[in-house]
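Undergrad: Below you will find the structure I want to go over with you.
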Amino acid sequence: MGQERVLVVGAGAMGTQIGAVFALAGHPVTVQDISEDALERSQAVVRKRVGRLAEKGAIEAVDAEAAIGRMSWTANLEDAAATADLVVEAASERLDIKREVFARLGAAAPEHTILATNSSSIPSSLLAEASGRADRLCNMHFFNPALVMQAVEVVPNDQTSEATIETVLRLTEGIGKHAVRLHAEVPGFVANRLMMALLNEAVALQAQGLASIEDIDAAAKLGLAHPMGPFELMDLVGLDVVHDIQVAMHDMTDGDDPAPHPDVQRLYDAGHYGQKSGKGWYDHS
Ligand code: CAA
């Protein structure tokens, strides 16, 4: 049997790299987006990133070309869904958009197809009804940058079948990632709950004037051996993403988890999202 066919919905930074990860492991991959510009950028990013892996000797040049050759890009969701064995949705973090996407996927994909969302803040239980296949639905949460980060959180909703989780765990292992298996949904899952505790503390320390953002980042990197400091990490992930996750965690826990700190809110309101907008905590222009 050939490798499972994978459809990735959303050609942004996450969708593109998730697609490349599956293609590098031998899966035929289609990346779908409604924006032709996003599709073009996605192809260019794959060429650059997969090509770079070959340049630095991490993979053979012939394997890089083969991986790129296994990928295709399309604007047509229904056609791509019709031949998919696994769908990983990485579209906008908006419930209304995701519900529409999952309703269309549920209608267009074959019966056996597993639908997963890469969402970090929308649990699959909120998409169950729209998808019409709660038992073949879960979160499959990758980390940024997905080509590099080794973990994938696999999160069932309360109707996800054991067979679905077993298949998703096998596929995760097959792409060379470590599956972090959750036994039930919890806002932020595991990694973002840990990360938000760190980020909130970092923001509070600078707000109180206790240390500069550079020194707080240095403490995390040079004192705790984190690859990036919390402010650098917020600029990588995006202040928009950090903000949206914190709002979702706050709402889903009835206020037990904190709302975004006023300083995060200020950057968010100003559109200072970090690397993607040229300015966040740091200047990236
Ligand atoms: N995309 C793909 N590959 C990348 C990359 C990117 N954006 N950035 C770096 N890399 C790869 C490249 O292969 C690079 O080597 P080359 O450029 O020579 O090919 C290699 O990583 C090392 O990169 P650098 O030498 O430029 O820098 P580095 O050693 O500092 O590594 C990093 C960069 C991998 C991003 C590292 O700093 C890191 O691990 N940071 C922490 C990232 C992290 O915590 N991510 C999780 C965020 S939380 C999340 O994603 C969940 C959520 O829901 C919000």
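Backbone N, Cα and C atoms are what each Cβ position is placed from, and that goes for glycine too.
The structure displayed is predicted, hence computed values, not measured ones.
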Undergrad: Of the candidates Asn76, Asn144, which one does TrEMBL list alongside Gly10, Ala11, Gly12, Ala13, Met14, Gly15, Asp33, Glu93, Lys98, Ser120, Lys276 as binding NAD(+)?
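TA: Record check against TrEMBL: NAD(+) site with Gly10, Ala11, Gly12, Ala13, Met14, Gly15, Asp33, Glu93, Lys98, Ser120, Lys276, extra candidate from Asn76, Asn144 is Asn144.
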Undergrad: Around Asp33 (NAD(+) binding site), which residues of its chain at least 6 apart sit with Cβ under 8 Å of its Cβ?
TA: Val9, Gly10, Ala11, Gly12, Gly15, Leu39, Ser42, Trp73, Ala75, Ala91
Undergrad: Given Gly10, Gly12, Met14, Asp33, Lys98 as the binding-site residues, which ones have a Cβ positioned under 6 Å from some atom of ligand 1?
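TA: Checked binding-site residues vs ligand 1; nothing flagged, none.
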Undergrad: May I ask for the distance between Met14 (NAD(+) binding site) and His141 (site 'Important for catalytic activity'), taken between their Cα atoms and rounded to an integer number of Å?
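TA: Between the Cα atoms of Met14 (NAD(+) binding site) and His141 (site 'Important for catalytic activity'), the distance comes to 10 Å.
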Undergrad: When you measure from the Cβ of His141 (site 'Important for catalytic activity'), which residues in the chain that are at least 6 apart have a Cβ under 8 Å away?
TA: Asn118, Ser119, Ser120, Val152, Glu153, Val154, Val155, Phe189, Ala191
Undergrad: Have a look at the binding-site residues (Gly12, Met14, Lys98) and report the one with the fewest Cβ neighbours inside 10 Å.
TA: Gly12
